[in-house]
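Annotation comment: Swiss-Prot describes 1-509 as region 'Mediates association with membranes'. Annotated repeat 'TPR 1' per Swiss-Prot: 28-61, in sequence order. Annotation comment: Swiss-Prot describes 66-99 as repeat 'TPR 2'. Per Swiss-Prot, repeat 'TPR 6' is recorded for 209-242. Sequence annotations record features per position, and here Swiss-Prot assigns repeat 'TPR 7' to 249-282. Annotation comment: Swiss-Prot describes 289-322 as repeat 'TPR 8'. Annotated repeat 'TPR 9' per Swiss-Prot: 329-362, in sequence order. The annotation phosphoserine is assigned in Swiss-Prot to 413, 445, 469, 471, 492, 493, 545, 569. For 495-517, the entry in Swiss-Prot reads domain 'GoLoco 1', with the evidence type sequence analysis. The domain 'GoLoco 2' annotation in Swiss-Prot covers 548-570 and rests on sequence analysis. According to Swiss-Prot, the domain 'GoLoco 3' annotation covers 596-618. Annotated domain 'GoLoco 4' per Swiss-Prot: 630-652, in sequence order, evidence recorded as sequence analysis.
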């Protein structure tokens, strides 16, 4: 963004030039200071306008311009305009390197790394943050070193978190992570530990609290839930020490999440209640709804379905107030499960239909399929559906086309309502990284998203066929037979004779179509067969010589003229006025600050690892809402269990020997799963 070109100082008399530039410098600095004041007050949008005006005016003071770039980048970052933030942080980095400002280069590298992290470019972000760390260590800046360690930990944490959720979408059990994901999260933990050690040495309690919180979150993703609770308790203590209610609320919520995976549901409920209380003090309705959602699911695990329904209703009301359709749909799904567990299928059907409607509106295909199955089951139980197969088949066909495996609809009646009873029992698992089996007597419920130990017994457990069971078809067992559009037949003898005759006559015309060359033309062709290198450059359409060395000489000669075009021009920086004084400064200090070979080798190394990531499109992003918690472990469990729905259902045999008896005995103990 180039501003209006000011008069050149050499074109004006000396005193006039000095007065003009003095007024412009004062104007630029005043605008920048006002923008800084507004940003500190939280008015980033107006602050950006003042900073942009300062850039339009321009300045010849390189330090001032670098500070403006840094502030503009930070302001755009807080406005979530990360593309503009990246642009100005790059300007800041280039200018700092040009003038030889090592501390400015370190800060610009850190800001650039944070912006790249938010954009999901984790490998590039790690390179920038590592450069921040190396310069801080070189300059003996302990505070900058601590910040760099924290930023590198954040980069690996964000990358590991994204990879771990992708692994969960692939039915990877929580805590059982692929080696690359575990390695990434362990790196994050290592840098957080180094940061914690350094800020303890510096006596920075606030930074210690942040390190403890992030260590707890990292160990939570690694499945080390006991260690996670230890770190979150430290975070909670420091938050109380500073009176930081928001951090205290986050610590309580994280402690609740970890205790759910430890199987200590009663302890988790107490932490969630404190989260709810603090969210009301902070007047944050979205966080209040998240706490109600977590409490509702926790009381479902405790088999207190009345209280679970109460909290889910609160979640539903707040989601409706905030127009959060995703949260509304999840609340309706949870309420349907709760009312089924209480033996009230009529109310459950109402919420299941509402869940189906919302899932269709927001385009949640998985939620829509789950809702259709729940509606079909409840209608069968209530005797309201006469032909379930005919009514559900057209709807499920679309899912089969999308690649989803259709789920079998059970033939239920009022007499077999007790088959929906799923045992649920909490077994405390001590310091284990995952919860154990939760089995025991329970009231009626649709399958709930609860973890199963049998799912963790081994990677081959799911593939082993069960004797006597009717396992559903897998996609690998399905073969699509495409009918041929035509049947090949052998050509007749007449056709063969025709083609032979055609080939014979056509071949005799080949030489007639060639262009004969006379002696003069042949000599000219020989003369131009090996043109000089200069001729080749002047005539790019000429064919290259087969000689390898000349070919590469041609490439080198052509490419050499483009090197200067690829260099960064300092004069293109917005707001920079180049004068005789700072032009010499730029020339004097710019060249030695070019990044070395080690930096580019590291950059190439990290860039090369992203090639495979660019080959396939990212998975579909599940819809999220403000009233749904970020660490929605119940959704995680639901995704893990989603492909096991058919294995958790009970097949009703249709043999005559069971016609007069009660419901048949299931061949497999039903485990709680996603509905």
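Easy rule for this one: first residue shown is 1, then count along the chain.
Positions of Cβ are set from backbone N, Cα and C atoms, glycine also.
Mapped onto DSSP classes, the repeat 'TPR 1' (28-61) shows 27 helix, 1 strand, 6 coil. Across the repeat 'TPR 9' (329-362), DSSP assigns 31 helix, 0 strand, 3 coil. In the predicted model, residues of the repeat 'TPR 7' (249-282) average a pLDDT of 96.
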